[in-house]
Amino acid sequence: MAASGEPGRPRQEEVAAAVVVVGSCMTDLVSLTSRLPKTGETIHGHKFFIGFGGKGANQCVQAARLGAKASIVCKVGKDSFGNDYIENLKQNHISTEFTYQTRDAATGTASIIVNDEGENIIVIVAGANLLLNTEDLQKAASVISRARVMICQLEISPATSLEALTMAHSSGVTTLFNPAPAVADLDPQFYALSSVFCCNESEAEILTGLAVSNPTEAGKAALLLLERGCQVVVITLGASGCVTLSQTEPVPKHIPTEAVKAVDTTGAGDSFVGALAFYLAYYPNLPMEEMLKRSNFIAAVSVQATGTQSSYPYKKDLPPALF
Ligand SMILES: Nc1ncnc2c1ncn2[C@@H]1O[C@H](COP(=O)(O)OP(=O)(O)O)[C@@H](O)[C@H]1O
Ligand SMILES: *[C@@H]1O[C@H](CO)[C@@H](O)[C@H](O)[C@H]1NC(C)=O
């Protein structure tokens, strides 16, 4: 690898990425129809498109678009969707050094049907995502242990997520864990290994059994999650922003966001998590409240355009005050 060449400047660190995601890639296959089909029925839709999704890749793309040096540890199939996904990651300036391709399963897909009312039915086949394993993590060990922030979700095998979090935690890497999709009986180790535990309202309800539909309720759920051992808890609240609290300040704080005209909120949570990872990695001394204010802003931009990754803003399109 190249040294900077300039006298008096330290050699750039080699492989290191500041933000590393260990997570999922999914190809979204979206059909728009006037209504949802019944069992056994064939109907005609009026539009079809393919999109890039999967929570892991979405979060990585948002962090990279803000300027993070990012790498994703993931697995796709050795098929055309997998090839296209790798190309998409490269176009977003994400390192694919640890993006694996397997012949043993297809690239993860989400088949989505959306009716005119915006209601949907979705089938996810995680496929290759579930084959990301210990051996794959070992190959990526040096990039994980030298990251500033590592992000994980639950769209790959939970054992692999847990192992990645353990590796990062033991190297002093800040871990950002997004327990999505949520399960009621989440392994308690996930809490202890999370520097920042970030989920949305419905995930907080599943994890705590409490109702979470406003900032006050979210504060109570966040406290319960904090008591399970995370350093910081963030619960996102859609148009109401988010709530946070931490071991050092265990009093819930509500961080509202600006009112915007939402066009498509798909993937807003992933934009938020990717933005938060960027701030944790590049502005670690900002107060958490300020990082969350800025992450709210960025996610609010994403809801004003259609699609998932296609709605995520780039640094150049955002107010300089955010950087
Ligand atoms: N209608 C909205 N207006 C402004 N910001 C929004 C809106 N919906 C979502 N956001 C932003 O996106 C973040 C995540 O949204 P949320 O709906 O909680 O997550 P998810 O996408 O997981 O359902 C919120 O904390 C907020 O910052
Ligand atoms: C929270 O995220 C899950 C995906 O894990 C999604 O299905 C759900 O609709 C989201 N909930 C809210 C309230 O946005």
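Glycine too: its Cβ is placed from the backbone N, Cα and C atoms.
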Listed co-binder of substrate (same site as M26, T27, D28, G54, K55, G56, A57, N58, D270, source TrEMBL) among E155, E163: E155
According to TrEMBL, which candidate in N133, N200 joins T236, L237, G238, A239, S240, G241, T257, G269, D270, N296 at the ATP site: N200
Reduced DSSP assignment, G307 (K(+) binding site): coil
Cα-Cα distance linking K55 (substrate binding site) and T266 (K(+) binding site), given in Å to the nearest integer: 11
Cβ neighbour count within 10 Å of S302 (K(+) binding site): 29
Any further residue of that chain within 8 Å (Cβ to the Cβ centroid of D264, T266, S302, A305, G307, S311) of the recorded K(+) site: V263, T265, G267, A268, V303, Q304, T306, T308, S310, Y312
In sequence order, the recorded positions (N200, L237, D264, D270, G307) whose C-alpha falls within 10 A of A57 (substrate binding site): D270
